Amino acid sequence: KMGYDSIIDRLGSFGLFQKRLFVLFFLNGIPNGLLITAIVFLHFVPTHRCKLPFYERQYNQTQMDRVRQFVSVTTQMNGCGFRNLSTMQINQLLEKPSFNYSEDIIPAVDDVACYEGYDYVSDTGIESAMMEFDVVCGDAWKKPMISSLYLVGMTVGTLSGIISDKLGRRPVFLASTLLQFLTVFCTSFAPTLTTYCILLAICGLSHLINYLSAFVIGAEFTTPNRRNLISISSFISFSVGYMIGPLAAYFVPNWRWLMRLHGLIGILYIPMYWLIPESPRWLLSHGKREEAMTILGEVARINGCNVNKEEIEMILGEELDVTKDEVTEKGLLFHVLTVIRNSRTLIMVLIISVAIVIVYFGISLSVDTLSGNIFINCFLMGLIEIPGLIAAFMGVKYCSRSYAHSGFMFLSGFACLLAALLKNVHPIATLMFALIGKTANAGVFYIVYVHTAEIVPTNVRNVYMCAGSFAGRVGSILAPYFGYAGKFEIFGFFAPYLTLSVVVMTSALMTLLFLPDTHLKRLPESVEEVLKMK
């Protein structure tokens, strides 16, 4: 009996219709990459010190230089307090031009907390949200927590798979796209830190729903030998957005205007409403045969294939009716629980997803801890993903899924290990191996999406795609704290890269031992087909 893959192959597995989808999903992925890099700049915290507004109003620039010199000598420039000098003490200090800080007695004053805000010392020109809301010193712990809230939003977004499998791929994709741009734009007007946190979490929510829905639609419109190609479009475009992000931040350094720019880009995506169709595979699995026939007929027309509705019906046969009846009688939850109960493969996917996402975001969000220019480093982090994705694409095309999957993970883990060991030896070497770890991990990120889509049945495919992503996002919530811990000398080279290395190399071994090979195999249509996979 022939099924859905057969009709797609007959209509054109990568004809003009699929090429159009490739371009659309490529464009769709760019804003997702922009948003990740925007967080790096939104949460940038440069060197800072307490503001001295009273002094600055009272004395000229030359006098202020002496006051600042005194403050910087008697306290730490990055400290969270300053010497509470009285007017009389400052006048005494200014009247003594030959004041020697090492020999003379420093006035006996109290150290007090910064109650007038902070001065930020940076040559980047960045005006970040963390600077505006003064998330430093005693509040510095809030920075990784706020980044984690974005990832919490992405974690909640993974649960959309249940909605997508119930209501359809297209409506969920369109709704998440609208929500994404609208929320990003509204974030730029956040009056308080609390409002900013809530809106950022919603940005993460819409980001992942959009990303997953696009991936699943693309995978279900082509055959196994072409699925690899159309799926990679979203990943490469994410990297392109990652590269554009630091350029946008360089020319628009104010975080509010940067978010407004990213939000207004959504106007360019309005045509998606007419250009993105529903997945015929989903329609057929839910008994909506007539709608599926209409869309398949449109695919045939655009691809220039002479196949009429009767021929489509004949090729499909009765196979998809059986799938529909099975779901209707036993229910979606039955399929989900059955596959989990009988397949250690899917359990391994969930565990491995945690490791991959922790490493990806652990490296991405700790870019400000690396030596060099933050704009260049962030650009390189995006650029280096593209060769990793191309290499992963070739690996998936010609090699066993398990070998490609574990191989890239081992490379990422080894690079992170060297980055950790060389952190206190040479900062440029650390940057180089961090980039190698990022490119390998980007490849793994792509492979695990392809691999997961190929080991679950159609009726619950988006549920499991989202379940794997959910597991990864739960782990990613910890990722911002790796970069935060790296700022403390007490952790030395153990944070963040040594820990990331252990996590990803352990997962690489699990991948090699437990995941089946799905190279060029048709997508499973039922629970029974999944359980037979070796």
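Sequential numbering from 1, following the chain as shown.
Heads up, the Cβ atoms here are built off N, Cα and C, so glycines get one too.
Per TrEMBL, the features are as follows:
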{"type": "TRANSMEM", "residues": "21-45", "note": "transmembrane segment"}
{"type": "DOMAIN", "residues": "88-519", "note": "domain 'Major facilitator superfamily (MFS) profile'"}
{"type": "TRANSMEM", "residues": "145-164", "note": "transmembrane segment"}
{"type": "TRANSMEM", "residues": "171-190", "note": "transmembrane segment"}
{"type": "TRANSMEM", "residues": "196-217", "note": "transmembrane segment"}
{"type": "TRANSMEM", "residues": "229-251", "note": "transmembrane segment"}
{"type": "TRANSMEM", "residues": "257-276", "note": "transmembrane segment"}
{"type": "TRANSMEM", "residues": "345-362", "note": "transmembrane segment"}
{"type": "TRANSMEM", "residues": "374-396", "note": "transmembrane segment"}
{"type": "TRANSMEM", "residues": "403-422", "note": "transmembrane segment"}
{"type": "TRANSMEM", "residues": "428-450", "note": "transmembrane segment"}
{"type": "TRANSMEM", "residues": "462-484", "note": "transmembrane segment"}
{"type": "TRANSMEM", "residues": "490-515", "note": "transmembrane segment"}
For the transmembrane segment (428-450): best-contacting stretch of 145-164, 257-276, 403-422, by Cβ pairs under 8 Å: 403-422
Chain residues in Cβ proximity to the transmembrane segment (257-276) (below 8 Å; excluding those fewer than six residues from its ends, i.e. six or more beyond): 20-21, 24, 27-28, 31, 34-35, 38, 41-42, 170, 173-174, 177-178, 180-188, 217, 248-249
Sequence-remote partners of the transmembrane segment (171-190) [C-beta within less than 8 Å, at least six residues beyond its ends]: 28, 31, 35, 129, 157, 160, 163-164, 196, 199-200, 202-203, 205-207, 209-210, 213-214, 217, 255-260, 262-266, 269, 272-273, 276
